[in-house]
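Peer 1: First the structure, which I've put down as structure tokens, then a few questions once you've had a look.
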Amino acid sequence: MTLLGWLQILLFFALVLAVTKPLGLYLFHVFEGPTQPLPKVLGPVERVLLKLCGVDPKREQTWVQYTLSLLAFSLFSVLLVYLLQRLQHVLPLNPQGFAAVGPELAFNTAVSFTTNTNWQAYGGESSLSYLTQMAGLAWQNFVSAAAGVCVAVALARGFTRRPGPEGQKTLGNFWVDLVRGTLYVLLPICTVYALFLVSQGVLQNLAPYRELTTLEGVKQTLAMGPVASQEAIKMLGTNGGGFFNANSAHPFENPTPLTNLVQLFSIFAIPAALTYTYGKMARDTKQGWALFAAMSVLFFAGVAAAYAAESQANPAVAAAQVAQAGNMEGKEARFGISASALFATVTTDASCGAVNSMHDSFTALGGLVPLVNIQLGEVIFGGVGAGLYGMLVMVVLAVFIAGLMVGRTPEYLGKKIEAKEMKLSMLYVLIFPLVILGLGAVAAVIPQGVSSLNNAGPHGLSEILYAYSSGTGNNGSAFAGLNANTPFWNISLGLAMLAGRFLMIIPVLAIAGSMVGKKTVAPGPGTFPTNGALFTGLLVSVVVIVGALTFFPALSLGPLVEHFLGQAGKVF
Amino acid sequence: MFSTLLIGLRAALVTLVLTGVLYPLAVTGLSQALFHEEANGSLVTHEKGQVVGSALIGQGFSRPGYFQPRPSAAGNGYDAAASGGSNLGPTSQKLRDRAVAEAGRLRQENPDAPGPVPAELVTTSGSGLDPHLSPEAVRWQVPRVASARHVAPERILAVVDAHTEGRTLGMLGEPRVNVLQLNLALDRRFGESVGTTAEAP
């Protein structure tokens, strides 16, 4: 580890900290303000869009209507992305003449982008047309992120709305939230962001691949495409599905250390800002900062561990008796150890899943960090929206545990947390390991599972665990040696992604629906304050205990065993 | 229920046209107007005007008079239409064998090189298209390049220094040298490298 390496990490965090309040306020105005920003310019556009969708913006929805709207939208999302891939050979903007994507892969990719996972079983530059990338993948990058924010905002409304005399039962309107999130937040930022990326060297064209002869006379084909427009929303929406197979390691996606910093920043920007938005909605910004603090503690723990581990020599390369200043297998020279370890931590703290180095080639403990980050539920800033609602479920658990300790009915923001909310929270918590460990166990013993592995020994188990953690956690990064483009993996990971998105969103919205109508009571002397350092500490413990204890046995058979065997010089 | 489905379909189509068609096309138009060169691949031309590569994409070099890049896992090596890393883990036999073989080859081709082989030269990058090397990995190759070109090492070093980029803002990323640009500069300065290839092309 070097001082400059740590300075990069601190600079990144300072930028995130600086944007949290202004962007958080902006988001508050977009979703909760009586009027939205730029009413003269964007107001008419919003009204036209809602009219085209056939939505009455004044009609509020109950949690059931809100959920059904989200499910209906997601259904057509999957269908349209599937059709675009299956028909790409007859649709325009396919200069390389790629054939239709096969049914299992098209299903996997459609689900992957609709669920904000962006798992890449496909190789972008070798199988998808420009139209599929733009109208299929970039489209879902926008709206799946916006949908995540919708769920977070709905849950926040559930906790923070004060019911009227007859008891308010509604959570807002999904369609209005969806359109506002896209129009006021994602689209304008991405337009500027994409142009910045192009200025640094990211591609943005619709030309066929460029053939050339290298200096030594060898033919080289440069993949082309509308990369920057997709790259911007890929990072800002914590999607993470790369235009190219190598994702943000590819110099045409992430050409300079500056683009790398901006990409990192854009992963955390909205999730961090949403904690402030939440504090505003709770009429006590300290409530938001308490969440921000808990997330920050976990972030720094992760990045320190990953950076320390990747600064060690790679044991497999050690036999070549070369000068190792860290593990450079799978890393780019322009980023080096620090910016690669930081990227791996940030992309898995959030549910982004973009990579600027290959996690599969990390040291055993370096690769453990992204895996654990995902398994903690991606609540460390987390996905756009998904991080906040995931963390709020952890808050419910923490408040419940605090209530047990003092022997009082737990309450949060003045509303009582009762058996129903606890059951729903536990459902949310349990679905996650059930899918990961259940499917992982199956894949580890059947030939269709293990035949896809790229690495033998304990690292093979890590590849399986990572795949299902990433899919169920809607992350999308990978131990990418695993050949995931087989019918078994495409279908099982597709199902894991669906479960990880919708089976977890439904309990969240049910909690919102159950909380929204509850009366608020003034805090008494026995109320456990949820806006201070004590609560932040308790919240961090709950996140770590729930996540770590669930997965520790599996992790000890993968990365931990591999670490000790690697130190002993064993290879597989 | 039916009306929710209908709104769902309409909203899907409306957002698809807005974010999946209008937005990327608008960005493409603006990029082509404002940053034409960057948007189309930052192509590098030879002095005769022929395109020989992209400033951002690595390419293979094997002649002793050229600096050699890192090994590449993209396709059969520096295939810019099939990016990717090796994805070999830290206890992989394949990774160990490859690193040992590469290090052996490098030691044989660089008998006068100072110190042990830099690890960068035996490890593949994440993209397989890494256009850069660290200054250390370039300097290590200077004796070989100098003797293949019959030029004093100091003159080669001067070109290397002129092509070394520092950290952005003094702290971001790592110091680096663009291998294609460096080799082009050598050709401009000392004439084209015509030496035999180090191994079968």
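Here the Cβ of each residue, glycine as well, is placed from N, Cα and C on the backbone.
According to TrEMBL:
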type     : residues  : note
TRANSMEM : A:63-84   : transmembrane segment
TRANSMEM : A:142-160 : transmembrane segment
TRANSMEM : A:181-203 : transmembrane segment
TRANSMEM : A:290-309 : transmembrane segment
TRANSMEM : A:379-406 : transmembrane segment
TRANSMEM : A:427-446 : transmembrane segment
TRANSMEM : A:488-512 : transmembrane segment
TRANSMEM : A:533-555 : transmembrane segment
Peer 1: Of the listed stretches (A:181-203, A:290-309, A:427-446, A:488-512), which one yields the highest count of Cβ-Cβ distances below 8 Å with the transmembrane segment (A:63-84)?
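Peer 2: Of the candidates A:181-203, A:290-309, A:427-446, A:488-512, A:488-512 scores highest.
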Peer 1: Please give the sequence-distant neighbours of the transmembrane segment (A:533-555): residues at least 6 beyond its ends with Cβ less than 8 Å from one of its Cβ atoms.
Peer 2: 290-291, 293-294, 297-298, 368, 371-372, 375-377, 379, 391, 394-395, 397-398, 401-402, 429, 433, 436-437, 440, 461, 465
Peer 1: Would you mind listing the long-range same-chain contacts of the transmembrane segment (A:427-446), meaning Cβ under 8 Å and 6+ residues beyond its ends?
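Peer 2: Here the qualifying positions are 375, 377, 393, 397, 461, 464-465, 467-469, 472-473, 488-489, 492, 495-496, 499-500, 503-504, 507-508, 546, 550-551, 554.
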